[in-house]
Amino acid sequence: MTNSISTDICIIGAGPVGLFAVFEAGLLKLRCHVVDALPQVGGQLSEIYPKKPIYDIPGFPDILAGDLVQNLMRQIEPFHPTFTLGERVERLAKLEDGSFQLFTTDGTEIFCKAIAIAGGLGSFEPRKPAVESLENYEGGRGVYYMVRDPETFRDRRIVIAGGGDSALDWTIFLADVAKEVTLVHRGTTFRGAADSAEKVQKLHEAGRARLVLSSNVTHVHGQDGLEAVTITANDGTTETLHVDAFIPLFGLTPKLGPIGEWGLELEDDAVKVNTLDYSTSVPGIFAIGDINTYPGKLKLILCGFHEAALMAQGAYKYMFPDKRYVLKYTTVNGVPTL
Amino acid sequence: MTDEVRVYVEEAPSQRREVVAPTDMALSLMEVLKASGYDIQATCGGMALCGTCHVEVLAGPALDEPSDDELAMLESLPVMTQGSRLSCQIRINNRLDGLVVRLMPQNT
């Protein structure tokens, strides 16, 4: 069944700038729905450096990235935004009345009057190893870049590749679920959590998971779906394993993704905007934060906050061209609720 | 002693571009490469947390050993060679003159 959502502004990207856009839109009594490809809010701040201190947020001599996200979530609480997390907006359609319909990867559709793209560096996508024809086995045909539902692998033969915490953690977890688990790692040691590395070693010694070091998965084979992988050791020897699933876990990297195909004017993979209101070349679509570009652009969180404030006013005028907008200071009026 | 060094970026086999880097600004190689127009995301801003400034050192002076954090990040990437380094962890100093690097692809 399709999940259908109706809102005033759909904000694409739940990073700090997207979250603050909810606040600025909320001051204008606009409802927001936020979509992000990652399963949690915070964008880069949550995904990459939650423990990194940030020093250039006004009013905070220093604040951990993760704490900034928490504060932003608290700040937007009065406006009751709704979220679709773990889904990427794939496609959009402009409707006759100037509003929009958005479609996500998981079939959610969002009807909105305006769109604010706050996509940062784009959506975070899995880093893929250099294995020929790997893409032929994506989409449920044997190659998985993340473990959404461990039950997918119950009683199946799987090969995990990678040397980070994800590879170790899922090897440990799936050893109890899958029929056979093999972890292939390029190096000889794991610098991830020592405890996890030790657990994997013990599973290997107990015969409950197999550990193949100094090796890479170099080939994938199969007709209609994945049937086998070839593992090549650093000394050149090879081994072909019959498997049902291959899970390369090499972390995430940001990509512009489908935003690049929405007909927006771009420059060097960034969306060109008018700094009057951060509108794009498509009326009703705005772009704020690291995803946009204009003369003098600075990729700073605080600049994104400024852009969010002007964008909200621009979006308001787009939605209600006949209504007069009067700036209200929160020091005078407090924070209204929706 | 000069206050700048020359680093070379191998853009294609036998094709190297010279990049002049100041030694008195405490810059990282990642910052110099970005300022020279190379497409480096450096998502984490230089904390060895994202791996998007991965380079391969091809020749030149010996560098300091990578830290455990840098090695941990490098080991989590799909491709790692003997010369793999995170350019955000290489500080520009006089000893770097003549360094030759290649930008590593982020995805295949």
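Our numbering is plain: 1 for the first residue shown, then up by one each step along the chain.
In case you wondered, yes, glycine gets a Cβ from its N, Cα and C as well.
Marked as domain 'FAD/NAD(P)-binding' by TrEMBL: A:8-295. Residues or ranges marked as FAD binding site by TrEMBL: A:Asp36, A:Gln44, A:Tyr49, A:Val89, A:Phe124, A:Asp290, A:Thr331.
With every protein chain in view, the residue among the binding-site residues A:Tyr49, A:Phe124 whose Cβ has the most Cβ partners within 10 Å turns out to be A:Phe124. Ranked by Cβ neighbours within 10 A across all protein chains shown, the binding-site residues A:Asp36, A:Asp290 are led by A:Asp36. Between the binding-site residues A:Gln44, A:Thr331, the minimum number of other C-beta atoms within 10 Å of a residue's C-beta occurs at A:Thr331. The 10 Å shell around the Cβ of A:Val89 (FAD binding site) contains 26 further Cβ atoms across the protein chains shown.
In sequence order, the binding-site residues near chain B, meaning those of A:Asp36, A:Tyr49, A:Val89, A:Phe124, A:Asp290, A:Thr331 whose CB lies under 8 Å from a CB of that chain, are A:Tyr49.
Summarising model confidence by region, the domain 'FAD/NAD(P)-binding' (A:8-295) averages a pLDDT of 94.
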